[in-house]
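Engineer: Sharing the record's features from TrEMBL:
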DOMAIN    20-303  domain 'ABC transmembrane type-1'
TRANSMEM  56-77  transmembrane segment
TRANSMEM  135-156  transmembrane segment
TRANSMEM  162-181  transmembrane segment
TRANSMEM  248-268  transmembrane segment
TRANSMEM  280-300  transmembrane segment
DOMAIN    338-571  domain 'ABC transporter'
Amino acid sequence: MSIFRDLWWYFKRERLHYGLGILTLFAVALLELFPPYAVGAIVDAIKQQSLTPGELGKWLFLLGLTAVVLYILRYIWRILLFGAGFRLERLLRQQLYNHYTLLSPRFFHQRRTGDLMAHATNDIEAIELTAGDGVLTLVDSLFMGGAVVFTMAFFIDWQLTLVSLLPMPLMAWATGHYGNLIHRRFHKAQEAFSALNDKVQENISGIRVIKAFGQEEAEKREFEKLTSDVMQKNIAVAKVDALFDPTISLIVGFSFFLAVSFGSYLVIQDRITIGELTQFTIYLGHLIWPMLAFGMLINIMERGRASYDRVRELLSIRPDITDREDALDQVPTGDISVQIAAFTYPGKEEPSLRDISVDLKRGQTLGIVGKTGSGKTTFCRLLLREFDVEEGAILIGGIPITRYRLGCLRKAFGYVPQDHFLFSATIAENIAFGRPDATREEIEKAARLACIHEDILQFPKGYDTVVGERGVTLSGGQKQRISIARALLIDPEILILDDSLSAVDAKTETAILQALRANRANRTTIITAHRLSAVEKADHILVLENGRIREQGTHDQLMAQGGWYADMYRRQQLESLVAQGGVARGDA
Ligand code: ADP
């Protein structure tokens, strides 16, 4: 019952709908007592041979009228109660989704996507069920059941009632027990199905790797195991399901058997009339649903309880990165100063960045290079305030980034992450993601700057081509350039290209960098790269190693130093020389 207490805030909020719905249910329960009574009266009149056509007509008219009124009332309570349940579903799902958007990337790293989706779907559905069907079964089992038992006991015969009801608790128990079993087994079947789903998805995306390694047979066997598992678990559900109806029929049958045997005895003894016995057996039929409802109620409440707790647990997680009370409501602009004594990812022992000190004038370009894992992405993520720096500070326009409202801070950035992501929408929509109101001209301009315009025109529907699962497949380089166009369209104060040119060829890279220089005067750009040619023209270059600055300066200064950068630069020049058959990139 505690779940109803926890949902009380919602019942109160929707009191009009719940109040009217429950009142209507009451009215239905009371009205339903009438038809058996009428039938009993007709039977008795026939027995006493006193039934006139006029009398029969009156009863039939009343029965018809009751049927119509019941029809309307049943419609009304369904709309009221189930409607309220669905509104709760929408409310909670929205709350949860809004909450997800507030949580930091760290939260999403720690949780499985499938799990988060299950909370937003299955759990919320279970709560909706509690607020709709749960209330219905509660009222029906208590009130409708109560009204029928009361009528049977007080208006017909209490002994007959007692005897006939003997098997009923068994029925409530059986419904609850089987319901529970079905639920548990169904859950397992669902899990097995999820595993199968994951496997199919993985195998289809990874089919080339599977074939290349000749693992088809092994994968087939693995798949066979999973499908058998799904089948067995579904059969386990079907077995309980198959027991359900026969058990209920058996118990109900037994109840009727007792009612008719003992009832006939009472008729012979003249304690009740034959009409009353008829009326009684119809009432008994009316008790089946409240009993079933009672068993269901217990299940619904248990599931609602568990789901509500899970959703509440998620909602209670506080975002790590929040706005300060006095947060500034302005989009940051100006010089950037990064002073980080040390930054350690939560849960890690070793800092990922140490002794980083860089000052960047507004409009300058910063290049960051270094091996994989040297801390380039971490640097970008700290600028975006995906994590807070404890030892040190990052300032934009002389103000620490923690002082800006998060929404404003992020507006200053156009970020092209390493693991770029395109939505299953048209190319134009993907580019205009940050500014959905952009005109086609603006979208095309951004695409031209990112050197993807010509490619897009080659697609079947040009800018209106859908990408992703439902549309064309793009190459890695095309995806990267669309992501760059998306960042350029918002014309950000600070553009971050995090290893975003890795999949484009050298010529395109040069063209994009040139376009950026020409179009981003007075706006800051940060480029991280493996290929040093991407940062060659930057105003300042950081060479990171194990989270520390190993070298820094302009390209010329770094070349003159003759360290890692100079070494690497020559090596990469040589590689590209070989790749291009003799013409060094710098000379081309
Ligand atoms: P780069 O971009 O230069 O390849 P990263 O900034 O991604 O390097 O990584 C720097 C270091 O931080 C690595 O040792 C990496 O393992 C660690 N790291 C990166 N992201 C996380 C994270 N979310 N949680 C914990 N450690 C991380």
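Please read every residue number as a count from 1 along the shown chain.
Placed from the backbone N, Cα and C atoms, the Cβ positions cover glycine too.
Show me how these features fit into the shown structure, please.
Structural biologist: Taking Cβ pairs closer than 8 Å, the transmembrane segment (135-156) reaches residues 4, 11, 18, 21-22, 25-26, 28-30, 32-33, 77, 81, 85, 162, 164-165, 272, 276, 279-280, 283-284, 286-287, 289-291, 293-294, 296-297, 300 in its own chain, all 6 or more past its ends.
Same-chain neighbours of the transmembrane segment (162-181): 149, 152-153, 240, 243-244, 247-248, 251-252, 254-256, 258-259, 262-263, 280, 284, 287-288, 291-292, 294-296, 298-299, 302, counting only residues six or more beyond its ends whose CB sits under 8 Å from a CB of the stretch.
Sequence-distant contacts of the transmembrane segment (248-268) (same chain, at least 6 residues past either end, Cβ-Cβ under 8 Å): 157, 159-160, 163-168, 170-171, 174-175, 274, 277, 280-281, 284, 288, 292.
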Engineer: Residue list, the transmembrane segment (280-300) vs rest of chain: Cβ under 8 Å, 6 or more residues beyond ends.
Structural biologist: 32-33, 35-36, 39-40, 129-130, 133-134, 136-138, 140-142, 144-145, 148-149, 151-152, 156-157, 160, 164-165, 168, 171-180, 183, 248, 252, 255-256, 259-260, 263, 272
Engineer: For the domain 'ABC transporter' (338-571), would you mind checking the mean pLDDT of the predicted model?
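Structural biologist: Here the mean pLDDT over the domain 'ABC transporter' (338-571) amounts to 91.
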